[in-house]
Every structure is written in structure tokens, then in C-alpha cells.
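These come from TrEMBL:
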- 21-107: domain 'Pyrroline-5-carboxylate reductase catalytic N-terminal' (DOMAIN)
- 205-229: transmembrane segment (TRANSMEM)
- 249-271: transmembrane segment (TRANSMEM)
- 249-383: domain 'Ferric oxidoreductase' (DOMAIN)
- 292-310: transmembrane segment (TRANSMEM)
- 348-367: transmembrane segment (TRANSMEM)
- 388-407: transmembrane segment (TRANSMEM)
- 419-442: transmembrane segment (TRANSMEM)
Amino acid sequence: MNTNSSNIMALAPNTSTKRETVCIFGTGDFGRALGHKMIQSGYPVVYGSRSTQISNLIPKDAEVLSHAEAAQKAAIIIIAIQRQHYNFLTPLAEILRGKVVVDISNNLKLNQYPESNAEYLAQLLPGAKVVKAFNTVSAWALQSGALDASRQVFVCGDDVEAKQMVMNIVRALGLTPLDQGSLLAAQGIENYPLQLFPMWKFPMFLSLGLTAFFFFYCLALDIIYTYIYEKNNFSFFIAITIPNRICPVMALILLALVYLPGVLAAIIQLYRGTKYRRFPDWLDKWMLCRKQLGLIALAFASLHAVFTLVSPMRSFVRWRTSKGIISQALNNKTEPLDTTNAWLSDSYLALGILGFFFFVLVGITSLPSVSNSVNWREFRFVQSKLGYLTLILCTAHTLVYGGKWFLSPSAYRWYLPNIYMLSLVVPCIVLVVKFVLVFPCIDKPLTQIRQGWERNPKYSE
């Protein structure tokens, strides 16, 4: 019993350790949420406010004092006030000298001021140890336990000990501190919450542009052309038929664009004979957004799967099927099974199912919660080897389905190729170049370059 009791005591947290008092200037939404979270984590909290009357909104275990009195009771002061109200801190400069002052403010737009709010605060309080933190966390995330929001908290400051004290508080709140270096990084940290999907802009604009192009392309060939020359009104194709043609095309092209920059990077490295020169900016940015391109491609592939599953429910499909049955009945003739077409149909479906399966597998592995549970070799195997396998399967799926149209004159309406022909251009280029790059005579020097060998060492300077 004694042994078990000692083991239990060893595993239990040490609740007897008294935490340092934290002062919070500001009783707004974030100041109250942060104070409540700190009290739950065992920190004594004192608020500095113009009014010392205790409000029902203030956590009940917190103390409310004047700014000067509250600052004297704590070594860490958190400034939960907007920059335009920092002037009240000037008379408190002596009281705050030597104390850790945490700036958590954000701005209304990017680069609103010449310097960051934290640097401006350091100028107002030259004797204080200013640290930037908590500006990437919302009051809602603190109140809800941060279970549904990012746990990462960027921290920067010129004083190492002050940063460590703030990072210890971050950990005590159940969040993850990320040291971003000196206070010079505060500008970037303050801009971070103002950026709306920064890594998604290029993939989204590219996807929207290509989708619009292919929509009008299909609209011209499948609706306008048939209406002018065949007198058929297929305007209802806009609802399902055209989207179900655009989605697989977009999925295949975007998937190929995920692997095209890697192929281009390999060619550039072979040409230069070194890995120590920067790639062009456009290629760097392209490589950084490959994950986003892949996830958008997976979204298009998923839509294609859904559209395909609901196709038999369409009135047009049921009409066309019944028309074929009635035609055979009237002619008293049953068309024999074409085994060649049956093989092509089954192969096309099988390749599509396998391609979509690996597509989903690669997409799931790119998620942070999954990628963090595998090592680098496993992650690279899935993203590279299985990724190229996915591209091969999806390209073969498209070739089997639409390859017959390459030699069919009826497929070239207004002398324009079918949409499926256009979708094969980029994937085929990527696969052909990748096939050449895996030849031993090319792969060996490329591997040596990536391991540090240089054809001409002067480029490394």
C-alpha cells in the first residue's frame, strides 16, 4: 500500500508550488479571458484599471487595483490595451523598470505603423523588458479551452530570461510557445493574424481562373455548339454534366502542378551543378504552396466522385437508357456485349477508384495531426512515391476514358480539342520528365548534388 501510494503521489502534479502574481492592464474581452485562464492555471491575477470597482465581468478570484498599485504587486505585467492608449504608461516608467512587460496588441491592418507595437512600447518604457506574445490567440479560444483553435503562441523579445518567463506561462495555460527571436520579429508576429490564408491565395486564384476557363470552354463546345449546329438544347448540362467534366480535369492538373516544381527544381540543380544557389522567387513560392494545391485538387476529385455517383439519378441518363432499350425492342434486336468496351469501362473505373484512394491517402497524410505522427522517411514515401503513383493512376484513368477521342474528328468541335485532351498535357509532361530523371545516369549526379557535391564550388560563395 505504501509503495502504491508513493507511486500515485509521484505521478500527481505538484500543486504546492506557488506561481508568481501576474498583473493585467485592461479589462476588455481578452484581458478578462486571459485572467480567467491564468486563475484556472494557478496564477494569482491582479488587474490594473482606472476604476477599482469590481465588476461582475471580472473573474471573482482576481484583485482590481489602480495601475500603479497593481504593477507594484507583480513582476510580469500584461498590456491588454490598444496602442493608441499606451500614453498612460509613461508616468509608470519607473515602477515598470526591470519588470517583464508583455505586449499582446494587434493592429487593424498590415504595417499600420512604422514600427511594431512592441517596439513602440519598448521606446515608451526603456527600463522594462518588453516581450511580444499572445496576440495570435483569441479570447474565444482561451474561454473554450483552446481545443478548437491553434495552440501555438509566437513569442519574441530581447531579454532571454523575460522570454522564458512568458513561455512558462504559455505552457502553464496549455498552449505551445514558439520562440521567434528578438523584438525585431514583433512586426511579423503582429501581421500574422491579419493575413487571410496567406499560403492559399495563389492556389485559390489559380483554381478559380482555371475553373472559369474550363467552364466557358465546355459551355462553348457542349452547349453553344450543339445548339447552333445540332439544334439541341443541352443547357441543363450546366448543373451536373459540365461540373463533372471540370472537376476531374482540375483535380488532375492541380495534382500535376504539385509535382511539377520539384521536377523543375531538379533540372535547375542539374544545370547549375550545385544546391547552394537559391531557386527563382516564383519557384520558391510555388513549392511552398504545394500542400494547398494538393488539398484543392483532392476537393475537386471528391466532387467528381460525388457527381459520378449521382449521375444515374439524372433524368437525362434515365431517358437515354430507356431510349436505347426501346430502340432495341422496336428493332427486335439485342446488341451483343462488346467485351473490348467492357474491359475499357472496368479498367477506367478501377483506375479511378485506385487513384482516388491514394489521392485521399496522400491528402490525409499532409494534415499536421497525421504528418506529426510519422517520421520524415515515411512522410516522404507517402508524399513522393505514393503521390507519383496517384498521378500515374489518375492520368491512366483519364487516358482510358478519353483516349479514343484523340483520333475522332467529331471530338474537335470548332477545331478545338476536347477538355480531357487538355487535362493530359501537364501530367504527361511531369511524368515523362520524372521518368527521365530516374535514369541512373541522371539520378546519380542529382543525388550527389543534393548531398553537397558541386560541379563548380565558386557558386557556393
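Glycine too: its Cβ is placed from the backbone N, Cα and C atoms.
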Report, as numbers and ranges, which residues of the same chain sit near the transmembrane segment (249-271): CB under 8 Å and 6 or more residues beyond its ends.
203, 206-207, 210-211, 214, 279, 283, 286-287, 290, 293-294, 296-298, 300-301, 304, 359, 387-388, 390-391, 394-395, 398, 419-420, 422-424, 426-427, 429-430, 433-434, 437, 442, 445-446, 449-450
For the transmembrane segment (348-367), sequence-distant contacts whose Cβ falls under 8 Å of one of its Cβ atoms, 6 or more beyond its ends:
251, 255, 291, 294-295, 297-298, 301, 305, 374, 379, 382-383, 386-387, 389-390, 393-394, 396-397, 400-401
Best-contacting stretch, by C-beta pairs under 8 Å, relative to the transmembrane segment (205-229) and drawn from 292-310, 388-407, 419-442:
419-442
Should anything in the same chain at least six residues away from the transmembrane segment (388-407) have a Cβ under 8 Å from its Cβ atoms, list it; otherwise answer none.
248, 251-252, 255-256, 259, 301, 344, 347-348, 351-352, 354-355, 358-359, 362, 418, 420-421, 423-424, 427-428, 430-431, 434
DSSP says what for the domain 'Ferric oxidoreductase' (249-383): how many helix, strand, coil residues?
112 helix, 0 strand, 23 coil
If we skip the immediate neighbours and take only residues 6+ beyond the ends of the transmembrane segment (419-442), which ones have a Cβ under 8 Å from one of its Cβ atoms?
214, 217-218, 221, 245-246, 248-249, 252-253, 255-257, 259-260, 263, 266-267, 270, 388, 391-392, 394-395, 398-399, 401-402, 405-406, 411
